[in-house]
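The GTP binding site annotation in TrEMBL covers 16-23, 84-88, 138-141. Summarising the annotation, TrEMBL assigns domain 'Tr-type G' to 7-278.
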Amino acid sequence: MLEKEIAKRRTFGIISHPDAGKTTLTEKLLLFGGAIQEAGAVKSNKIKKGATSDFMEIERQRGISVATSVLAFIYKDKKINILDTPGHKDFAEDTFRTLTAVDSVIVVIDVAKGVEEQTEKLVQVCRMRNIPMIVFINKLDREGKDAFDLLDEVEQKLGLTVTPLSFPIGMGFDFKGIYNIWEKNINLFSGDNKKNIEETIAFDNIEDQKLDKIIGENAARDLRENLELVYEVYPDFNQGEYLNGNLQPVFFGSALNNFGVRELLDCFIDIAPAPRPKKAEEREIKPNEKDFAGFVFKIHANMDPKHRDRLAFIKIVSGTFERNKPYLHVRHNKKLKFSSPNAFFAEKKEIVDISYAGDIVGLHDTGNFKIGDTLTEGEILNFKGIPSFSPEHFRYINNADPLKAKQLAKGIDQLMDEGVAQLFTLELNGRKVIGTVGALQYEVIQYRLEHEYGAKCTYENFPVYKACWVEASDPKNEEFAEFKRVKQKYLAKDKQGQLVFLADSSFSIEMAKQKYPSVRLHYVSEFN
Ligand code: GDP
């Protein structure tokens with residue numbers, strides 16, 4: 001029973017640069033699953049620029065993103081969990097963390113814009129973790145780049161090895177359809193998103209003269225030539241290579257027109273991995289182990305500022321999670337029971353009695369959890385791989401209302417647990433520095449401290465170039481002692497108590513590396 005349920009699960013994320021079509025694709029996938037009835041049902045979690053200020057917009061979006069955090073549906077007897085990832089670059093860390101909970105990803109690329117900045121960053125993180133990836137090149141109904149040029153770009157800029165599993169026939173105004181290499185058939189494009197799903201014509205042999213009649217002689221010749229080149233240049237699809245993260249299948253289509261989406265989904269459920277094993281510091285955990293283990297990858301503050309309760313998102317790594325059963329909160333060494341764990345279905349969440357490895361459950365939390373926390377049936381486990389990356393912006397945070405110092409400390413503490421930003425405490429004088437990926441977060445923090453905790457803060461600039469986590473190959477040696485003495489002003493502890501060097505320039509990092517070769521500096525908090 002357990003094995004069967006787990007084998008049914010496909011938990012993945014869709015990543016893209018904003019506007020490539022992630023929301024549209026998500027919505028079409030949900031339509032196939034029958035999870036929603038109409039287009040336009042999935043709210044975009046995008047930050048819209050407009051009349052309201054950006055951070056107010058974020059507050060508004062917070063409600064939406066709770067609803068879209070996990071979108072689950074059943075398709076062909078598979079339980080599909082889509083984990084939502086914010087596209088806005090100021091929330092990149094949130095996306096990085098969500099990527100620790102997915103078993104595979106789909107990368108959406110705009111046919112006209114090609115590989116964009118945010119896609120590069122996110123794919124790099126997926127590559128580091130060998131996450132299996134499928135690429136979907138979107139908006140083929142528009143004029144865009146040549147298909148081969150795009151495949152080249154994907155290989156070069158993203159460092160992937162691609163194998164096209166479909167290939168477009170024409171593009172933009174001349175877009176006639178797609179040859180599905182995976183299923184060996186042609187889908188004709190009619191521009192009518194209700195009709196084109198049925199217009200699939202099987203073509204086992206691409207030389208068949210019927211092709212000329214259907215798409216015209218010129219298009220048929222071009223397609224034959226293109227496919228010949230595809231077969232010649234690109235490696236054959238190999239599932240093992242895909243699962244190891246060494247080979248990435250590519251599909252072409254138009255999400256808006258629901259074109260090429262069914263093909264993507266059908267191939268996805270054939271090839272994408274069921275829940276994968278995950279490494280803890282102690283050992284590797286397999287999904288089909290009987291005992292439950294899971295970790296927190298996201299914490300969402302409730303919309304009701306008066307209650308301050310939060311929803312902690314747990315990825316179930318192994319076994320089953322059951323309602324009202326006591327589980328060990330490893331960091332607190334304390335057993336906790338949950339009377340109303342939420343499971344997610346389409347855009348609804350509901351209380352469930354049992355969830356399986358691969359699923360996500362949302363647990364109500366009043367401040368017990370922070371990102372990376374592990375829950376188990378009793379075993380001491382600590383899951384690896386939720387690293388912090390160096391923030392881009394750094395500011396001192398000061399208390400603006402001396403009577404509310406306690407509230408401020410508590411607020412900062414909880415917001416950092418949620419992963420809104422990173423806190424560094426200077427070694428020299430204990431001053432607190434907030435590091436963020438985007439400047440927007442400072443406004444969010446200030447606003448939330450005031451509205452949820454009744455505390456006021458001000459910021460002060462602190463010119464830091466990058467935060468480097470410090471690793472001393474020999475903590476007792478003289479060189480490390482000297483490094484600490486000389487750099488005293490620039491040293492801080494992160495929230496885990498790890499030593500961090502807040503370097504003011506790339507030059508000072510280089511100098512430090514040369515001068516203190518036994519002291520290693522990392523831009524990521526996890527390095528072993
Ligand atoms: P996201 O930011 O990645 O979630 O992108 P959205 O799904 O919100 O799409 C951004 C814009 O591109 C919207 O205006 C969509 O209607 C449009 N779009 C999405 N897919 C297609 C497509 O296949 N063709 C065309 N022409 N437009 C599309």
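Just so you know, the numbers here start at 1 and follow the chain as drawn.
Just so you know, glycine gets a Cβ as well, placed from its N, Cα and C.
Automated prediction, rather than curation, is the source of TrEMBL annotations.
Features per TrEMBL, on structure.
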residue : record           : DSSP class
S16     : GTP binding site : strand
K22     : GTP binding site : helix
T85     : GTP binding site : coil
L140    : GTP binding site : coil
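On its own chain, T85 (GTP binding site) has G13, I14, I15, K22, D94, T95, T98, L99, L122 as residues at least 6 apart in sequence with a Cβ closer than 8 Å to its own Cβ.
Annotation: K22 carries the greatest number of neighbouring Cβ atoms among the binding-site residues K22, H88 [cut-off 10 Å, Cβ to Cβ]. Just so you know, of the binding-site residues S16, D19, L140, the Cβ with the fewest other Cβ atoms around it within 10 Å is the one at D19. Residues D19, K22, taken from the binding-site residues D19, K22, T85, H88, are distinguished by a CB atom under 6 angstroms from ligand 1.
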